[in-house]
């Protein structure tokens, strides 16, 4: 707990794993597809559909489907439509007239063997009130028309559902159960307030971490102190003395920035090819350890500020030696909090614990790791900028899918998700889901914002003629641009650093150049380092 090795390992772990902005993740509404032909009767926009179902009168899990380019446009409210009994197509692919009566029923048919429009026309001719096409995997495929479809007159709703949903409905019908289906497509608001709350959390974390040492810990700008660390004995006086605070400061250099790019890419590929539930659980355990340490450091700092006497009493513990009594009391509760989150991580309220663990961990990391100047900041942020763009946008050309997004989704992780991100539910969205931001999209710009605050304080700069306020505004604006991009790209995952790096690093370079201080910012601290030798990464 609190060892310099652990802090370094936690920092590297965060940088390598947490570089993806996931955006609005859940059932994002598809809007359109310019590649497929639009013909009369085949020009609908794709919409997500809620597939409510009842088995023998008992309401079951609501599934999510995707409407076709053709067919009836579904209503926005459940009250505007009605239930219909479901029936299996016979033959199951619905490519020829069914031997069973389809009248006033929602037909379930398997994908394949004929065109989607053919299946819809056959179901409609049999008197069906709707058609559910069961896909052969979990993805929702866009059902479009071909150029040979010259006359399309489908007046029933046609919806594709995932393989797992189709298998459950098929099993119930095969067992003789009565299954009722209700289809509707609720409206998704353009802006959900959860995005605003997430924006506040991200900006607030960076501001809090930048001001923490001076305004919360009441230390000098360049001081850092880890509360639960083996203490040195006084000069045979038995008195308590703080360890040299700067031994816990880790200064990043250009070499470390380049190593990060290589290590992060290698680790991402490892996750892409070998991700499994046990691998994700290993990351969850590491996150819990780091999060517990982060909460511990933050709590002890705050409590020591409130009660100064509590921050002076020490106790001898095996292996750790003399530590703060407050630390020894607080840490078990922090560990228990992290364990409880891991146990209940799939609960609806688990996002609260994850955000608390993550914010405290990031504040602690941003106290420990520091950028010495803009030269190193440029190397680190440019590497992260290239890393984010390559693995989100360029990797599909090589690996046939976006490596970063595939890892973020955790398709092969057995339902387990990587926890290194802040997330908040979409409270006012009928489709649910979460807005998320990866730790890396806070830590990387946060290192630069924290440097700007230390630079301003050291050079006695005010709010207006300093850099801290403008970089904070730049980060907030960059995150806003990311949300704009998410909206314009229909919720497709975006590399947030594509927008955050120009709005932070670009801003400080422009301001420094205009003020004639760019040379000092670029070479700041190189002539007289205060970091203990061996304290660089």
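Here the Cβ of each residue, glycine as well, is placed from N, Cα and C on the backbone.
Residues or ranges marked as domain 'PA' by TrEMBL: 91-169.
The signal peptide annotation in TrEMBL covers 1-26.
The feature transmembrane segment is assigned by TrEMBL to 196-217 (among others).
Sequence annotations record features per position, and here TrEMBL assigns transmembrane segment to 252-274 (among others).
Per TrEMBL, the feature transmembrane segment maps to 280-303 (among others).
Residues annotated as transmembrane segment in TrEMBL: 323-343 (among others).
A Cβ distance under 8 Å defines the sequence-distant neighbours of the transmembrane segment (349-369), meaning residues of its chain 6+ beyond its ends; these are 7, 10-11, 14, 201, 205-206, 208-210, 212-213, 224, 248-252, 287-288, 290-295, 297-298, 337-338, 340-341, 419-425, 434, 439, 442-443, 446-447, 450, 537. Here TrEMBL flags 349-369 (among others) as transmembrane segment.
For 376-399 (among others), the entry in TrEMBL reads transmembrane segment. Counting residues 6+ beyond its ends, the transmembrane segment (376-399) has Cβ neighbours under 8 Å at 19-20, 252-254, 256-258, 260-261, 264-265, 268, 272, 405, 440, 444-445, 447-448, 451, 493-498, 501, 504-505, 508-509 in the same chain.
Summarising the annotation, TrEMBL assigns transmembrane segment to 436-455 (among others).
The transmembrane segment annotation in TrEMBL covers 467-489 (among others). Listed by sequence, the residues of this chain that lie at least six past the ends of the transmembrane segment (467-489) yet keep a Cβ under 8 A from its Cβ atoms are 21, 23-24, 190, 195, 199, 202-203, 206-207, 210, 437, 441, 445, 448-449, 452-453, 455-456, 461, 496, 498-504, 507-508, 511-512.
As annotated by TrEMBL, transmembrane segment applies to 495-514 (among others).
Residues of the same chain lying 6 or more positions beyond the ends of the transmembrane segment (196-217) and with a Cβ under 8 Å from any Cβ of it are 223-225, 301-302, 305, 355, 359, 362-363, 366-367, 422-424, 435-437, 441-442, 445-446, 449-450, 452-453, 457, 468, 472, 475-476, 479-480, 483. The DSSP breakdown of the domain 'PA' (91-169), given as helix, strand and coil counts, is 17 helix, 15 strand, 47 coil.
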